[in-house]
Structure formats: C-alpha cells, structure tokens
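One structure below.
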C-alpha cells in the first residue's frame, strides 16, 4: 500500500529544492506546474481565476493519486490536496474570490475523491526569507506575487498545520542542504532505508 508524504510550506519555503534532493532516494512528484495553465492568469487576476484554478489543481491531484494509489512504497509529493483545500481555497473564500456556492461544489468534489496523506513535512520559513528566495529565482509566474500574500499564506499554514496530527515541522530558514539532510534522516527512520 502506498505511503504518501507531502512536503508543505509557503511559496519560497524550499519545497522544490528539497524535492530535488529527495528524488535521488524516493519516488517524488513535484507540483505539476506544467499542467496548471491557469496559474499565471490566477496570479494576474485572482478574482476571475480563483475558482477555475483551484479546480484545475484538485483535478491534477486526482490524476496523480490515480497513478500512485497501487504503488507499494513511499511516495513524496510537493504539496497535496490537503493544502489546496485548507490553505489556498480557504484563503480565497475568506478573500471573497471564491463564492460559498463554488466552495460547496469544490468540497463535494474533494470529499468524493477521498485523498489520503499519511505524513505532512512542513517547511516552516519566515516570509521575508521566502520572499527573498522568490526574487532570486525569478520565475515568470511569480513576478506579480506580493509579500503581503506570503505573510497571509504563512498565517493560514500556521493555523491549519497546527490542527494536523501527522505533521513534522522543519526549520526551513536554514540552508537547503541542512534542511534536506534533516528530512532525509527523518525519512530514513520512518522508512527504514
């Protein structure tokens, strides 16, 4: 049976860098940014694209979970449906970008898709550090990203992750090599590799 681990954290927390280290040892699936054609339009116009983009994310996770559900091993994901629902979609509802009716529809799909994540590894990072990393990597889709959004995202993560029983928190303000070594040691203990 598959054991799903999700790497969680705000934008710029080091998820992709960590995944690059982990994929040498484990089956890893990074966020399918190439499948998210609505990501850039969402960043440019959240009001218009919030709901369609969150559905696109949800369906991409459904596709991914369909391919891994029969794997008899550890599979590590860069984010998971939990964060789509509890972090991003909830924030968009709070901001009025997703209506209560759209949220109800989203939740009905989410509940029917029955996603399971066995462990969340949360990369806890100061939004200032994350914003600096975002500026340095200079991704086209993130050029309009605002610091205030990261702060709010961080607050949402802190509030929601504290409700999880199956979470391991890692200080991601440290250099990514140290973060990677910490996570590899954890996974080695958990997975006996």
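Every residue, even glycine, has its Cβ placed from backbone N, Cα and C.
Values in this document were obtained by computation on a predicted structure and should not be read as measured data.
For 78, the entry in Swiss-Prot reads active site, proton acceptor. A strand conformation is recorded for residue 78 (active site, proton acceptor) in the three-state DSSP classification.
Residues or ranges marked as ATP binding site by Swiss-Prot: 9, 10, 11, 12, 13, 14, 15, 16, 17. The Cβ of residue 17 (ATP binding site) lies under 8 Å from the Cβ of 176, 179, 180, each on the same chain and at least six residues away in sequence. For the recorded site, residue 17 (ATP binding site), the DSSP three-state label reads helix.
For residue 79 (substrate binding site), applying a Cβ distance below 8 Å and a minimum sequence separation of six or more within one chain yields 6, 7, 8, 15, 31. Marked as substrate binding site by Swiss-Prot on the basis of similarity to another entry: 31, 43, 54, 79, 142.
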Measuring Cα to Cα, how many angstrom lie between residue 9 (ATP binding site) and residue 78 (active site, proton acceptor)?
9
If you draw a 10 Å sphere around the Cβ of residue 43 (substrate binding site), how many other Cβ atoms fall inside it, taking every protein chain shown into account?
18
What is the separation, in Å, between the Cα atoms of residue 54 (substrate binding site) and residue 78 (active site, proton acceptor)?
16
For the ATP site built from 9, 10, 11, 12, 13, 14, 15, 16, 17, further residues of that chain with CB within 8 A of the site's CB center:
18, 123, 125, 130, 133, 172
Taking Cα atoms as reference points, which of the recorded positions 11, 13, 78 is nearest to residue 142 (substrate binding site)?
11
Looking at the binding-site residues 13, 54, which sits with the largest number of other Cβ atoms within 10 Å of its Cβ?
13
